[in-house]
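Peer 1: The feature domain 'PGG' is assigned by TrEMBL to 14-121, 159-270, 341-450. Feature annotation from TrEMBL assigns transmembrane segment to 70-90, 97-115, 127-149, 165-182, 215-235, 247-266, 272-295, 346-363, 394-415, 427-446, 458-475.
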Amino acid sequence: MHGFACRPPPDEKENVNKACEFIQLLAILAATITYQAGLDPPGGLWLENGEGHTVGDSILLTTHPIRYKAFFYSNSVAFVASLVIIVMLQNKKLVRLHILEAAMILDLFSLMGAYAAGSSRDTSTSIYIVAMAGAVLIYVVIHIIFFTLDPRGMHKDVLDKCREVLLLLAILAASITYQAGLTPPGGFWEIDDEKHGHHAGFSILQDKYHRRYKAFFYCNAASFMASVALIILLVNPTLYKPAIECYALFVCMVGGMFGLMAAYAAGSSLHLKASIVVLVLVALVPVFGFAAYLVGSNHRDNNKQPAGEGGATQGDNVADDAAKDQIQPAQQVADGAAKDNDKAKYLMLLGILAASVTYLTGLKPPGGLWRDDNDGHSAGSPILYDMDRRRYMVFFYSNSTSFMASIIVIVLLLCQILRRKRRPPHWSLHTAMVLDMLALLVAYAAGSARKWGTSRNVILLLIPIVVFLWLLFCYKNRRRNTASQKGG
């Protein structure tokens, strides 16, 4: 009896398991990005011996030693804390006492400090970056205070689903913007050049395209800080429940997504024409989402038979609907909701995967970047653009299409969560996802090879794989039908 009394209630056990999943996900995120940033620090590495440094040393350590130490120790604290959290997650008591959640908050603040120190070279800019996260937190609190909340609140299952989706999106944005902010597109100058005013460890894009760099830098920083602030809020149940119910976190997430798209448009290409095309794709994201929502709403409205049509009254229709609802088993409704939930998670993970890889690849294209201005090329510009312009354009536009299609999938799924009674049609999600995967395939084929024959062969690999899966499906289906016939 004593052992039974000490056993935690089922609800508490479920909450502890969910908390463990969230904390583990966040710890893995922080460990991954801080490990990579620690081995490849911002500013790059010296390529030759010089005064006060040796080859392989961090350039930032020589040029800005205090800033480098602030970045290094903040990044190291986040990395070590993540490893400790991952190991200590086996102790459920630490989760119940919210000790690991406090460690996770320390981890996230260390990430913010490392980003502020490593992504810029002056103190005022670092202060502005940290202030962005503070502005997000203040906005959410003000939104919660002044927005009229529904006294009934959201159902617990809906609230948990919203929290899970928002956390996945925040992790996506935080992981890719952290890496992009510390190692911006165009790379860094590797040597001092007093003749042209270049300094080692500074961004090439900042010196050659200052306005474009500013647009990328602040949009990327805003997306990162908004994501980290959202994660901090989502860890605390007292804050995230009212913030989700009044849609404050959704507003912040949409702002972070637009910051991500604007940063991609500014940093993925140095040519105005290509940036305009990307901005057009950015503008199509809300247009596509709104159009899909309207089509889904009209489709559902048309399916409702008007009163008096076909000799039936509105009361008869209501009575028929009520009878059908009573006849339909509750288990079928639950199974359908679970199936839709699993499909939404599947599509969300695919969208996050494609968005993460295409964002970073668009900022650092295949073939590398020029490091100097010699022989008619410009430092920071893609080598592939000068060597094979048509191939680069195929890669760039395919990669950009895949990135924007991923954002469209994410936006449609957010609309599905916000408007559960009027969801976007399934065909819009599947169309965007198919376009996403096809564009990703073309971008891979164009960027991974340097001969058109090889790129064609990469795309043609799709045919035997699809044929194999179709034959395997036919074989399995025939065996199942044969077994069912024998059993009958």
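Backbone N, Cα and C atoms are what each Cβ position is placed from, and that goes for glycine too.
Keep in mind that TrEMBL annotations are predicted by a computer and have not been checked by a curator.
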Peer 1: So, by DSSP, how many helix, strand and coil residues make up the domain 'PGG' (14-121)?
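Peer 2: The breakdown for the domain 'PGG' (14-121) reads 80 helix, 4 strand, 24 coil.
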Peer 1: Hey, which of 346-363, 394-415, 458-475 has the most Cβ-Cβ pairs under 8 Å against the transmembrane segment (427-446)?
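Peer 2: Ranking 346-363, 394-415, 458-475 by Cβ pairs under 8 Å to the transmembrane segment (427-446) puts 394-415 first.
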Peer 1: What is the pLDDT of the domain 'PGG' (341-450) when averaged and given as a whole number?
Peer 2: 84
Peer 1: Going by DSSP assignments with H, G and I as helix and E and B as strand, what are the residue counts for the domain 'PGG' (341-450)?
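Peer 2: Split into helix, strand and coil, the domain 'PGG' (341-450) gives 81 helix, 2 strand, 27 coil.
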